[in-house]
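Database features, via Swiss-Prot:
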- 5-275: domain 'CN hydrolase' (DOMAIN)
- GLU45: active site, proton acceptor (ACT_SITE)
- LYS114: active site, for glutaminase activity (ACT_SITE)
- CYS175: active site, nucleophile (ACT_SITE)
- 327-700: region 'Ligase' (REGION)
- PRO357, LEU358, SER359, GLY360, GLY361, LEU362, ASP363, SER364: ATP binding site (BINDING)
- SER359: active site (ACT_SITE)
Amino acid sequence: MERYVTIASCQLNQWAMDFEGNRLRIIDSIKEAKRQNASLRVGPELEVTGYGCEDHFLESDTYYHSWEMLCSIIHDPDCQDILLDIGMPVMHKAMRHNCRILALNGKILLIRPKIWLCDDGNFRESRWFTPWLRPRVVETHYLPTFVAKSLNQTTVPIGDAILQCNETVVGVETCEELFTPNSPHIDMALDGVEIFINASGSHHELRKLTTRVNLIQNATEKCGGIYLYSNQRGCDGGRLYYDGSSMIFANGKMLAQGHQFSLKDVEVISATVDVDTVRSYRFQPSHGIQGVTRPSYERIHVNFSLSSYQQDYDIYRKPTDPIEVTIPLPEEEITFGPACWLWDYLRRSHAAGFFLPLSGGLDSCSTAVLVYSMCRIVCKAMEEDDAQVLSDVRRIVGDPSYSSTDPKKLLNHLFYTAFMGSEHSSKETRSRAKELSSLIGSYHTDVNIDTMTSAVVKLFALVTGKTPQFRSNGGTNAENLALQNIQARSRMLLGYLFAQLLPWVRGYSGSLLVLGSSNVDECLRGYLTKYDCSSADINPIGGISKTDLKSFLRYAKEALDLPILQEFLDATPTAELEPTTESYVQSDEADMGMTYAELSVFGRLRKISKCGPYSMFTQLMHQWGDRLSPSQVAEKVKRFFHYYGINRHKMTTLTPSYHAETYGVDDNRYDLRQFLYPSWTWQNKKIDALASKFEQHQRK
């Protein structure tokens, strides 16, 4: 006997606190799921509110408006005759829960609270929600009065239960629960659950998709079953980009996969599966023996068939064939992820475009290429008749008839660049900036900042009677650093002025978002001036290492047809803030006292491996001991932590950056540390003592 069910998983570009917009996107996804003949629709985690509401989850208004939206959704005529799984926060016994609402034909069947909350990395769910730490316990939830009147329903079961439909059993697993060692799907599978639904609010990190795919594949390969994974997509108001990639697996095989990076506000994937194949897959006696020894879940009986055809054989349905999993290269992830994040931020901020100080170096070049990538993605969406994208483009450029799908033409409307040179700038950097801007089509300005910086120096001399000098002219380190910082900070001031007025110069309305271009390695080392060009509105590369940026530009050179990028890759990274002499040319790595490759290693050990100075030294002795002496390794570690400690305060004012990597330094909520450090005296003594032992052993 065959029992074909068609099931749908959604990825929605929700916006935190945009209740009306979120409701419309949810309804659109339900309509699309029905158009694909699905009888079950699963949406992202907390889709009614948007996942990123943060402390708004502590406000009673958030719960009130969520119920209003839910009533509107499940009463909608287009949302009937399909089993709905909708995510929203619910308050039960004065406790806030992250919940799934399972509803059918205007009635709520079950409220399933999240059992295991996510509290690592960027996640702080226990700050807002209480976990349902009572396996298989179900209580009665009394609906708010206005909801009870609207639905003609006073109570609903709340807790860890499963749905018994006419021909199959449905169980719920929410995001983090999949990642835990003892995931709920294990016990649910042993109790006969055949369809698992997982709503997620999982953000993008380079190479993270592989982890999700492996977990779902392994779960269904081991336990058998049909697994629907739904994820939010887009920038919902913060540093994170939720990268979709909704999936449907059956017995270890992928049947459908949503796009990871896309501008579509609503995307629905579906698959048709024979439930009997799950039962056949679970033939092992050990599966049954383990099942009968486990306590049972409470079953909520639902008189609804997920399979529309009730005879033994359905000649009108064909099961979905397995497909290959799509995993992008890290370079592709950098090309598309930050670009889509930039577009969401731009259209939702109602700005007129972006302004970027284009220095002619690799970092600002990377940011410019990401904006160009964004315009290519936008124009492709317009070619595919995406009405929402077209509407947003016309509003941003201020032309209700705009229809061009030329990325360079669009970029010229909304992207402004400026080379802010000084007497220390080289012809090469100025030329590279101009050529890149010409190649991608930005509105480019070339300005000299010497007038501004000399005015500040003259004012200081007038007040103090002393004129600071560069080190090459006999000045002290303090003078040398101050003169560099004046140049850097004047660029920030000038950048915001240009962002405010350049659209006016061209006869356009609105102002621009200022883009920053400091990479994660420089932020970690503190190799940036506080309140210079690193201070901006947003930074698309602030979570990406120099090493990954170089790989990205090598990829973009071919993929985006930008041969000029090779010149940026070949150039020596330099701030160009000091005079160049016959014996001295400023270099970033020389200034820092460490290479970008070394910084990347330090960053991974510090954050991912959770190493302090001493354990980092012991780790690096294994990695670098064959080419460096113990004292050299010790010196590098001590130097890194010295500069990390004295510059940590800069992270507290860091421009909001696209979160891209697990070694990020975002002080907002990802990398929480003090910003006033001691001198690591005890740690340094321990490192020196161990280095001495290593060297004594080597001399024997």
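Heads up, residue numbers simply count up from 1 along the chain you see.
Even glycines carry a Cβ here, placed using N, Cα and C.
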- Item | Among PRO357, GLY360, GLY361, the one of these binding-site residues whose Cβ has the fewest neighbouring Cβ atoms within 10 Å | GLY361
- Message: Give me the CA-CA distance between PRO357 (ATP binding site) and GLU45 (active site, proton acceptor), in Å, as a whole number.
- Response: 38
- Task: Could you check which of the recorded positions (GLU45, SER359, GLY360, ASP363, SER364) sits closest to CYS175 (active site, nucleophile), going Cα to Cα?
- Result: GLU45
- From the centroid of the CB atoms of PRO357, LEU358, SER359, GLY360, GLY361, LEU362, ASP363, SER364, the recorded ATP site, which same-chain residues not already listed sit within 8 A by their CB, in sequence order? CYS365, THR367, ALA368, THR429, ALA433, SER517
- Note the mean pLDDT of the region 'Ligase' (327-700), expressed as a whole number. 92
- Task: Would you mind reading off the Cα separation of ASP363 (ATP binding site) from GLU45 (active site, proton acceptor), to the nearest angstrom?
- Result: 35
- So LEU358 (ATP binding site), by the Cβ count within 10 Å over all chains shown, scores 28
- Message: So if I draw a 10 Å sphere around the Cβ of GLU45 (active site, proton acceptor), how many other Cβ atoms end up inside it?
- Response: 27
- Message: Helix, strand or coil for SER364 (ATP binding site)? Use DSSP.
- Response: helix
